[in-house]
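Below: one structure, written as structure tokens.
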Amino acid sequence: MQTLHAQSVPLHGTNLIEASAGTGKTWTISWLYLRLITVYGLKVDKILVVTYTEAATAELRDRIRKRLADALAYLEQRPHAETYESLPLEAPLHDCIQRLQLALVSFDEAAVFTIHGFCKRVLSENAFEARMPFETELVTNEDNLLTELTDKFWYQHFLKPDALHLRLLQKRGLTPDGLLATVRHFIGKPYLHTDIQPVTAEAFAQRQSAFESALQACQQHWASEREAIIGLLLSGALNGSTYSKRYVPNWAGKLDAYFANPLELPYEILERFATPALTEKTKDGKATPQHAFFTQVDALLAAHDALSDGEQAALEYLRLQLLHQLRAELPVRKQQLGILTFDDLLLHLRDALEQHPDFPPRLALKYQAALIDEFQDTDPIQYEIFERIYRDKPEQPVFYVGDPKQAIYGFRGADIYTYLKAAHSTSAHYTLQHNFRSHPDLLQALNHLFAQSDQPFRSDIRYEAVSAGKPQHDIFLPSPLEGEGLGVRGISPLRFWDWNTLDEGYNSPAVQERIAEAVANDIARLLNAGREGIARIGERPVESRDIAVLVRENQQGEQIKRALLARGIASVQKSRDSIFCTREASDFRAVLRAIAEPGNEAALKQALVTQLFGFTAEDLFALDETPAILEAELEAFHRWHKTWHSQGFMPMFRQWMLQRQRYAHLLALADGERRLTNLLHLAELIHTESRLQGHGMHALIRWLQQKAEAGEQDEAHELRLESDENLVQITTIHKSKGLEYGIVYCPYLWAERDAKASTWFSWYDRDTDAGMSRLQAEAFASDAALKCFREAEQAESLRLLYVALTRAKYHCTIALVSGRINQFDYYSALGWLLFGKLPQGREILGKLRKDGMQPDERQRLMHAQLTQLVEQSAGGISHEVLPVEETRVYYQADSGEWQSSIRRYQPRYVPVPKVGSFSGLTSGKDDERPDYDTLVVVPVAERSRSEAFPRGAKAGSCLHKMLEELDFTQALAPQQDSVLLPALKRHGLPERWLPAGVQLLENTLNTPLPAVNLRLCDLPKAQRLDELEFYFPVERLRLKPLQALLHQHLPTEWEAIHAAIDKLKFNDLTGYMKGYIDLVFAADGQYFVVDYKSNDLGAMPADYRFEVMQEAMAEHHYYLQYLIYCLALHRYLQQRLPGYDWEQHVGGALYLFLRGMMPEQAGSGVFFHKPTLALIEALDHLIQ
């Protein structure tokens, strides 16, 4: 590998530049670009520059333009930043100046793109070759199309499933989203070769038939030979501790149950009756018991294994069918809709280049040189595009620039093997030797660390030692070790902190907590030393902005953030994770699910225990013990459900946030600003999705789940603090790539999770001639495939380690563990780099086992290696005991220091007039819903109520739903399965309440009603309007005039109601009045308003006298409710009924107290009133 000199490297052929971290990759690209302009004489639109993000593209474009301007200033002898004496040596000075002037004037035409931007430009300019419609919209995701096509696939296979698919449905708990989640990451990777074999229904039926035959044989022998079989097991020939009278009868009982009703095969029990177990447990000198049943059990277990394997194979083949169908149908649907995604751009261009031989030469002529940045993150399709363009033009200058040591985006589809394959096909391979980021002493320490292994990246990737490219500031960071002078800079450039405790009782989370505390203390100590002028970088003090903590996972970052906050240190946490993967998103999904299913008590409790509500175990206990609390919560969720259903997501969200004071609740948490911002961002995204796609409640929840499972990286879905440059940075290693920090802490590199293959995974098969990327089902993966997968994951972890350690400019602290941790696997990329080459490396990096290497021996070997590393580092590396302190080190910021602020996401919808309701007027609630009765607690007569239908909001909601859906004229028995039982289930009520519900409904339907000669059971559906929604404008409704109007027009003898009117309170309303009337029916030419009340006023008929019902009407202001309902009916009939007259066409309002209605007593349990026309007109006038 040659060292690259950008000022003199030959500008021809295909070249690979390996640019290690901090070695001036952008500087090099801009110099190559400059020479292509001045020496090669190319115009800016002839030089293709490609990188991988919009931000990187903008930065690269700006750096190139500045390079051209600075070179021109030098050649014209104006002030400049660098010298360019080599340029006139390669081309005439006049030509150089003229070419630079032209380049700067025309720089808007420069071909600097993201990879997707380049593909889009080429496709739009060559639409015929690419078979592209001229009008195509680029979309950022295809979620809705994937859901649509997956649902279609689901209906094709499961609407009328055959025996195979029915078994998969029953045994595997399949869902459309579950199937899609497995395959979605592989849709845009057609280069992956699959080894999943097809499974036919016939082949599976044969396995099932074999299993059923084996089962039948076992059943028959067990039925006839049961006692003899048990006798053989207890004959004394077998191990008595296993086959004892304590266990065998129990096993026999479980076989009895299974053979009588063979649902779930008791595999472990049957194994006790199988020949291998019997042979193993036979006593020395005894003969193994023999019986035909034992042989048949062998056959049954073998048939079961074959059936299970066939079932799993069928599931994998089903997933493969979905993948193929999506790959086939997705492009068709996109073409129909005129849309493309980013992946489509790559595939379309790759296909066009292959299908039209004249197309690549035309592109090579258009782009006569290419500089491809971040090439380590390429994939086979991207590489095929550039390789095909320049394949027949080997003399044209093409530079692939990247660092394979920083290839850390395998989860996004980046393929390090493509990079390595490309490296072998280039004509020249260069490296950059000088690092312009880090202090020389830190570089020396890192060089020494990575020299510990001849294969530090477990692959063909090598570590090339780098040297400092420029002088750096002197730095002094005081050591926390009292009484120790560690040189003029205090602590060493690279410091290992070792948790070395050999005491038992520590697990990984406990150790992580100790390390987080130590890191936070050290940062506080550094910042305090900076304020005192001791800790400094150059001439300035160390500040929060100089420090970064790098983590693998968000949870680790949250742990560090809490530890810093406890010491008074502000920090900002950055991550590439989608907003949909945050804790707030998970909690919010639970809340939305409970609102979408307001009768689901389990969903309600799951929502309440999220941090968005904050219920504790004690709160849940109180919920179960106090029906009033539970029913109040159910009522609230019903209310939000109705708002969501009638007004949309955002009004419901605002209502929930305000009614439950979520703003204050979240801001009171330690990281409340972040949580609140995340929640508001989620709400905006959900609102946008619901407006664009018109999703219903469950569809939106499903969309949220899909976004979380997809784990997509979208900059629009990331949130961060606005002014974060003055805070300690907490960031994932992935997010830190390309950035630099003065002082870096890596607390968790030792705590690496074992790489486990997912349901489907891809791996690179090196055993084929040219290498091949394969798609593999984990259930049938070979040992070779799993080994290759694990090695690839471990190699990427080593590259991630490299990225973490090379972020620092001056100092890096790394935590490691040599102490005892229970049930801990010591393998990590850091451990492999430090100890993997040792003869006992495998044992050192294994799990702690009683029969394995003991903790003290492991620590001795680790310390010996670390001591050698430190001694040979010339002071660049230190190994210290983790400073575990019982007291916190606090940092007191200056009063003028920066205070954190969060970007507030402003909603993109316009305010709407306030919507009022009966609930809003009487209790301050913001919306109206069908009146499903809050809990009314009154003294009841002393008698057993066990046979009565339950009380409360949930039961009231259930009764309302039954009455809404029942056909009153038909008997209840035929409607049990279609109406009554579903209503009970929907509201979480046991089926045992059905008889009580039927009795209550029978009474309700058969009680004669006052003022009209009929019962509800006489009303056909044609004469009913159930759940009639109304919505009318309110100019201004004020409290005092309303109270005066009610006192004037309601009967004077209604003393309780008049007293309630005086207690009525509400704010003035201007906007709209809305609500729902349980029932409006027509009879004898008149229309009646009906409201169902399930309030329990008592157990005796006397408890439902008119006077008692009037008390309930007064207490809950139901008199105002029925007046609003009557006014709504009045306005409705005015618009719909020709010749309408109040006195002639309106019968009045019937409030049915369901528990007090008795067929033998006409009018029992019914509060009836027909307001006067004067009252209705006065109310109408007051509202208008």
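A Cβ is built for glycine as well, from the same backbone N, Cα and C atoms used for every other residue.
Note that TrEMBL annotation is computational and uncurated.
Per TrEMBL, these features apply:
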ACT_SITE  D1091  active site, for nuclease activity
BINDING   A19, S20, A21, G22, T23, G24, K25, T26  ATP binding site
BINDING   H960, D1078, D1091  Mg(2+) binding site
DOMAIN    1-439  domain 'UvrD-like helicase ATP-binding'
DOMAIN    440-738  domain 'UvrD-like helicase C-terminal'
REGION    1-862  region 'DNA-binding and helicase activity, interacts with RecC'
REGION    912-1184  region 'Nuclease activity, interacts with RecD and RecA'
Tell me the Cα distance separating the residue listed as 'active site, for nuclease activity' from K25 (ATP binding site), rounded to the nearest angstrom.
75
How far is it from G24 (ATP binding site) to H960 (Mg(2+) binding site), counting Cα to Cα, in Å?
72
Suppose we draw a 10 Å sphere around the Cβ of T23 (ATP binding site). How many other Cβ atoms does it contain, all chains included?
24
Please name which of the recorded positions listed here, H960, D1078, D1091, is nearest in space to S20 (ATP binding site), Cα against Cα.
H960
For G22 (ATP binding site), write down the residues of its own chain that are at least 6 apart in sequence and whose Cβ falls under 8 Å from its Cβ; none is a fine answer.
N435, F436, R437, S438, V466, E740, T806
Look up H960 (Mg(2+) binding site) in the DSSP assignment and reduce it to helix, strand or coil.
helix
Judged by the number of other CB atoms within 10 angstroms, which among S20, T26 is the least packed of the binding-site residues?
T26
Rounded to the nearest Å - Cα separation of T26 (ATP binding site) and H960 (Mg(2+) binding site):
69
Binding-site residues compared (A19, A21) - the one with the fewest other Cβ atoms within 10 Å:
A21
If you count other C-beta atoms within 10 angstroms, which of the binding-site residues K25, H960 is the most crowded?
H960
Within 10 Å of the Cβ of D1078 (Mg(2+) binding site), how many other Cβ atoms can be counted across all chains shown?
23
Mean pLDDT, the domain 'UvrD-like helicase C-terminal' (440-738)?
85
These are the recorded positions: G24, D1091. Which one scores highest on other Cβ atoms within 10 Å?
D1091
